[in-house]
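Structure first, commentary second.
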Amino acid sequence: MKRNWIGGTFGWLWLLVVLLPIYFVGITAFKSISTYFGSNPVLPSLPVAVENFTAVLEADFGMYLLNSVLVALGTVVPLVLMAFMASYAIVRGARRVFAPVRSIFLLGLAIPVQATIVPIYLLIIQMRMYDSLAALMLPGIAFGLPLSILIIANSLRDVPNELFEAMSIDGCTEWQKMWRLALPMTQPALVTVAVYQALMSWNGFLFPLILTQSPDKRTLPLALWSFQGEYATNVPVVMAAVVLSSIPILVLYAFGRRYLVSGMTAGAGK
Amino acid sequence: MTTASPASAPARAQRPGRRPAGAPEPVQLSHLLFAAPALLFFTVFALLPLIGVVVLSFTTWNGIGTIEFTGLTSWKEALTRSSTWHGLWLVMLMIAATWLLQTPLSILLGTFLAGAQRYRNVLAILYFLPLLLSSAAIAITFKSLLDPNFGLASGLNIAWLAQNWLGDARLVWVVLLFIIAWQFIPFHTLIYQGAVRQIPASMYEAAQIDGASRARRFLSITLPQLKFTMITSSTLMVVGALTYFDIIFVLTQGGPGVATRILPLDMYLTGFRGNEMGVASCLAVMLVVIGLGLALGVQSLGGKDASASQMEGA
């Protein structure tokens, strides 16, 4: 068979395009400020400088990291729980009530989140939650529900009806069926939702921007942004901050690639 | 459902619970309780804000003081501002340019990655990397990369790369479109890769026996088979382009001047910097309406079947 030259050329060229900026961040983070100004920008230079990372850690990076972790956990755990329970009701419940419920959640897929920031800001102020980490979790949960329910309900629908009937005959309640049968059977979907929503929360920028103002409430993307303002002339320090803020996500990708990919394509893959 | 004919009665009696034929399925309290927390959250923090933005568009509010209902005042203000029309024009430009740039590239790369060779799986893993990074991190990275003195231009010693990329009203768009393509092409490539892999191999084999060239096979088999995927990908792309915010916010803040002040950014700046929440709400309503219109428009390009099959599995 003849080789696919066009595809191949594009494929490898794109790899270069993808990797070059990442490579640049990686090598620049390990340059001291003087080598940054003196050396070739696209070549690594020795000796390796770790001072940038120390500087980032001293600039309260640990606090921003903790904030991001707290917001991600506070969003993902209730989100997965609620989405799972709602999916159970939608798949197992009476159609005449839960088909409309399903439609309401599907409608949510079409809401552009950006368009709701003014009312959400008003709502959070009224609830006296402005400038708190909890304020970031609430809209995160709400806007994560539609896709999460879509993924979990699809997986739950594949569980054979006979298994549920067998449990009914054994006298199990709906509550027991949900936790003992539905939960283990939909585990991959639950992990997919959790991993994907954790990524969304981790990289979220808009809600932290409009719902917080104190430096001690900043999550990582917002902290990166203000870092860039403070250290405008010290690019290596900023690049070190980019590296440190991305490491947790790279770890997540290394262990849960399959789940991340299916989470990403779930909304589109049909 | 409610008027079951006698013929269907035996089949229905088989179902658990053994309801009399024709009786509506009973609604269980437990199911309602299971769905309640999600419904409550979704109603309060997603549906209510969606209605709220329409209500707020008929008010005047500076973000701190009292909210006053002022009828169409904010709408008149929003619709007579040149910044609104400028933002609208830019967002249309963004949608068109994004689509034209990303769709062909994503299809090509997706088709390439769909090949069975093992190294292409490795490429797919690496292609995915930009999707992991926050927009803030990406914008900051490219800002340094584009620096004329300490970035790519001096590193590779290519003179034409040393331009004032973010300071020129035209060049900044080249940069923006490139960065957004860098960020999102991996996602669409992923969708197309999955879709190409689902095309039956027998179709290609038949074409090969007929002596069809690679280009011919791509045009007559691959592309037509990707129709529904193209609709899905385009919908996500078009609606996504309507709401790009963080990357532009961090990279240019709408500048130079107002060159990149697209509608979503204009909305944020009007509301949260200019303290005109009423006018910002009008702009938000426009975004919702345009978004829905575009989504329905793209979907209808694929005919009724497409949207029907989309909702089927949900």
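Every residue gets a Cβ built from N, Cα and C, even glycine.
Note: TrEMBL annotation is automatic and uncurated.
Because the structure is a prediction, the values reported are computed rather than measured.
Features of the protein shown, as given by TrEMBL:
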- B:1-23: region 'Disordered' (REGION)
- B:38-64: transmembrane segment (TRANSMEM)
- B:84-101: transmembrane segment (TRANSMEM)
- B:88-298: domain 'ABC transmembrane type-1' (DOMAIN)
- B:122-142: transmembrane segment (TRANSMEM)
- B:171-192: transmembrane segment (TRANSMEM)
- B:226-251: transmembrane segment (TRANSMEM)
- B:277-298: transmembrane segment (TRANSMEM)
Beyond the flanks of the transmembrane segment (B:84-101) by 6 or more, those residues with Cβ under 8 Å of it: 78, 173, 177, 180-181, 184, 234, 237-238, 240-242, 244, 258, 260-267, 283, 286, 290, 294
The transmembrane segment (B:122-142) in contact with the transmembrane segment (B:277-298), cutoff 8 A, at least 3 CB pairs, sep 6+: no
Same-chain residues near the transmembrane segment (B:171-192), Cβ under 8 Å, at least 6 residues beyond its ends: 93-94, 97-98, 101-103, 105-107, 109-111, 113-114, 124, 127-131, 133, 135, 138-139, 142, 146, 163-165, 226, 229, 232-233, 236-237, 240-241, 244, 247-248, 251-252, 255-256, 259-260
